[in-house]
Amino acid sequence: MNFAKHVLVMLVLFISAKHSSSLDTSHPGQLLNGEVFPLDKRKSSEVTQQLGDTPISYSDKGLHNANENTSIHVSEIPNEYIVVFDGYYTQSDRKNYVEEAMRSMYISDKQWGIMPRFNPAQKFPSDFDILQVHPKIKAKDILTKLTHHRIKSISTQKLVHCNMLSFNENDARPDIQNTNESHLIRKSRQLSVNNERHMNKLSLKSHSRAPLKAIPKQGQITQLLQAPRLWESGYTGKGVNVAIFDTGLPVNHPHFKNIKERTDWTDEKTADDGLGHGTFVASVIGGSYQDCPGLAPDADLFIFRVFTNNQVSYTSWFLDAFNYAILKKMNILNLSIGGPDFMDQPFVEKVWELTANHIIMISAIGNDGPLYGTLNNPADQMDVIGVGGIDYNDNIARFSSRGMTTWELPAGYGRLKPDIVTYGSTVRGSGLHGGCRSLSGTSVASPVVAGAVALLLSSTKEKTNRQLINPASVKQALMESAERLPKANMFEQGQGKLDLIKAYQVLNFYEPQISLVPSYLDFTECPYMWPYCTQPLYYTGIPVTANVTIINGMGVVGKIKSPPVWHPYAMQNGDKIQVSFSYSEVLWPWSGYMALSISVKKHAANWEGIVQGHVELTVTSPRSQERVLLTEDNAEEQTSVVKFFIKVSVIPVPPREKRILWDQFHNLRYPPGYFPRDNLKMKNDPLDWNGDHIHTNFHDMYQHLRTSGYYLEVLGQPFTCFDAKNYGQLLIVDPEEEYFPEEITKLQKDVLDGLNVIVFAEWYNTSVMAKVKFYDENTRRWWMPETGGCNAPALNSLLQPYGIALSDRVYDGDFTVAGHEMYYASGTALAKFPKGSFVMQENLRDQGGEVVTGHEAALIKNVPILGLHEIPMKRAGRLAVYGDSNCLDSAHMTKDCFWLLDAILQFTNKGTISPSLKSTHTGSFIESLPYPVSDAGELPKRMDGNHLFKFSKVLESHLGEPRAKSVPQCLNVSWTVGVVLNETSPLYMWERQRILSVEIGDTAPLRHINSAGNYKQQNVPQIDSVSLDSVYAHKFRAFFHGLFLFFALLIVYFLFRRSLNRHRRRWSPRLLLRCCFLWFNALRSKISGSHDQWQHDVTIHSKYKPKTPHAREVRTSQIRSLISPSSNFVKPNLHDLHSV
């Protein structure tokens, strides 16, 4: 027995030693250079090294000031991982958990370490650690095999590098409509190409100037938002804790009087601002300098320095700083940063935790406008207030990013963002060394809203509705009170322009409830309801999806009590459509979603008209103890019911040739993989991250096709999931995904049955891909593209049955076709095309050769770039292939080719070639391509070691020859059974949802602050639904108020009766009773918010009439003015009332 034990022990030791030796060939516990774990060699001097000879600079599409630019990249740190735990633990406990997990993988204690963090949060428990391991240990093993019951997730550590090249103290003037600002971007990757001779600097676009609205010279933003009205009432932000995450703040800056704490979370050991960005942002929120005052000058500012003077940060720095903000009980947190990486899991989850702890996070939506689908994270999260920018003429600023969100693509549809917009152009704030300066951008608009929210929090009523302040209620108040801009759609302005005074009124009469964003759906309301208002519904169309955000003001946690109920209106053709739902059963934190799919029923195939109805949604939230004490309501839950009104335009089924199906399923984008831009000359924005959707970066093409009478539908599933008999064209543009073999077979059958296929391709060349990879000196890691501009090898597999193939050459150049100027931007060429087809050829530059060799591009003659092929079979479809998609993509479009798309559609629909193509000498019918395939370019091959499978919906996860998964089943929509209502839509159906118990007016008086009016956050539990003064209590007060006024009128009547008799004027008791009746209805209207009944009562009950019609009209208007609900219960003058 002892011998067996010894053998077993020896075997275990042998296996452990064998495993360790396979991981490390050097001494245990040391790196190859002999340094011992844990190792922290991240110094700012190293981070500033350029990635290659010339860094690619970031700009905002020609909108930036010439003296201010930004260079950004984000990359992963090799051998460093963020280990997130399921709770907050001490440092020793966290280390024990990691040690147990590492031992389970037989990794020696000398081959890993926990990196120390020297910041103010180090003495507190934490929910994460930074794990550093030996380079020989594979990242895949750490990310997938390192497990422990206390470890929640593991992800790579990320580095952020943002170079703000200069700050010009006078960089913005009031007469310049759009100027860019130094916008800190957290997760945008910056590429550096090994050979950049082929990269030209992006030329700045010129923009016309227009007269601007006159603005105050001093404190322009504060006066435009009417902040002095709140200041005069005693509300200045006092007692509100505001956290500012930025570049720091100089010590003893003269423009600030309430700096409570400055903390440094970087490795530079200073909280001073060396750039000026953080100083400017802090001054907009809480500055006290009279020439450029902040909105909340008495707010308590907490400065978090999370970027170094070299604009470097790490995800772990943010996580530590966020934890500290929770510990310090911040009320508001401003983030004038952002980026496209919404898949940075530790960061996104920490933002959820922040808002769950009642911290109101306000973030810039991004400076990537005017493109759609360019929202930045975290502003695109449902629990965060995302802020866009406008100018002083109430136009959406050109630099402001537009919606929709792209998280949900390809199968779903994006959410509505931004939430609100405010002034972000030429805003004045403090300079780094004193004085005032002007900047523009959504980084400026974000602190404007943060300062406004600080004012609002300091103005809330004591005891009661302070308990109601949470991220959801504040967001509801801002959105409900926002002023809608008439010329902008919902993906540009969200709910509208910030209105500080109305937001004050909303918040101080707030009742906990849920609200929806958008609050209704109207296919007839343009431009606000773009794109829904641009295309009606019809039978056999792919269901249209609306992604509605649910905001839960009752508590951080809620749940949808039962499935949403669809109520079609019988009197308004509600039976013509059907509705389906998918939704988040649990709402956390403060929010969730409800996605509606709408389709037309078969019996309405030839019907045209308007359909109306509404969806009813019920949400419950746990009732907190504070809520019970305030309302004396012992119910365990509080419930809120909301209606989502729908108004849909339906038309008969369009002709097949007018219906285009857009392939969304085969588009991939960043994040998570490195998918390069289609145009290799684009330095400033090298990632393909806009979603490639007809409502994002292809929205201009969409608008053109709709204007031309075509109907576009989006396919978010494989080709096996659509009925080709319904469509004239399948439009495939810039695909990065592979194809299932079943898709290739099915498409071949569909083409033979009459489906036309239009392809706009892009470049793919492994040598060029190897050149546009970049090596990060900071992380010592190579970044390799997952595809080229598109996945040409996959496209060739799809087109192979028709004898069509794309080459691996990359071309660019300008040319003219029939008077149309064209630019071929990093496109490919045709390598094979069927005999007898029409092919257009042009003289272009060999851009691929220039990238690979570094020599000047040679001019190549007669490059085949467009092919039109008609299959010689009865009723068969036609195919059109063009080698470049940049002329359709709004992201970096130089010259559009919409005319070419029209010509291609003319060919696919009618079989006739446009005269514009036939008239040119470059287009002709061919017997074969002018030269062999070897001259045109080899067929593109997939890159060895490619990791596309990590991000593919088609490929199995393994290296080597790509192998397709089983084709997924098609989504079967389960249509809900509607509960028909025999009614019509109410008059308020298309107004934004009201969250008030009383009406608000433009001139409502402001309450003056009392001695105890400072706002302080209470120790509120996470699951919270506390109330302010109950609306029911408010109604009772209004009732007794009216009763008191009634008796006061009776007393006045008896006191003045003799005086009135002496003037020989008849005072009828009936008149007094009628006036009291009207007054009661006025009070009731003020409580319920309904003016219709008030107007009705004034008309019906005015039987005491003068003799002439003119006198009767005068009397009615005078009575209305005396006892109107807008009179704020002011006691009327009885002499004036009797004289009517």
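Glycine is treated like the rest: Cβ placed from N, Cα and C.
Unlike curated entries, TrEMBL annotations are predicted automatically.
What TrEMBL records for ASP246 (among others) is active site, charge relay system.
Taken from TrEMBL, the feature active site, charge relay system covers HIS277 (among others).
The number of other CB atoms found within 10 A of the CB of SER443 (active site, charge relay system), across every protein chain shown, is 32. If you look up TrEMBL, you'll see SER443 (among others) marked as active site, charge relay system.
Mean pLDDT for the domain 'Membrane-bound transcription factor site-1 protease-like N-terminal' (77-158) in this predicted model: 86. Feature annotation from TrEMBL assigns domain 'Membrane-bound transcription factor site-1 protease-like N-terminal' to 77-158.
Here TrEMBL flags 237-496 as domain 'Peptidase S8/S53'.
The domain 'MBTPS1 third' feature in TrEMBL is assigned to 517-652. Helix, strand and coil counts from DSSP across the domain 'MBTPS1 third' (517-652) read 19 helix, 69 strand, 48 coil.
Feature annotation from TrEMBL assigns domain 'MBTPS1 fourth' to 654-920.
What TrEMBL lists as signal peptide is 1-22.
The feature transmembrane segment is assigned by TrEMBL to 1038-1056.
Here the CA atom of ASP246 (active site, charge relay system) lies 7 Å from the CA atom of HIS277 (active site, charge relay system).
The separation of ASP246 (active site, charge relay system) from SER443 (active site, charge relay system), Cα to Cα, is 10 Å.
In the domain 'Membrane-bound transcription factor site-1 protease-like N-terminal' (77-158), the DSSP tally of helix, strand and coil residues is 24 helix, 32 strand, 26 coil.
Within 10 Å of the C-beta atom of HIS277 (active site, charge relay system) sit 26 other C-beta atoms, taking all shown protein chains into account.
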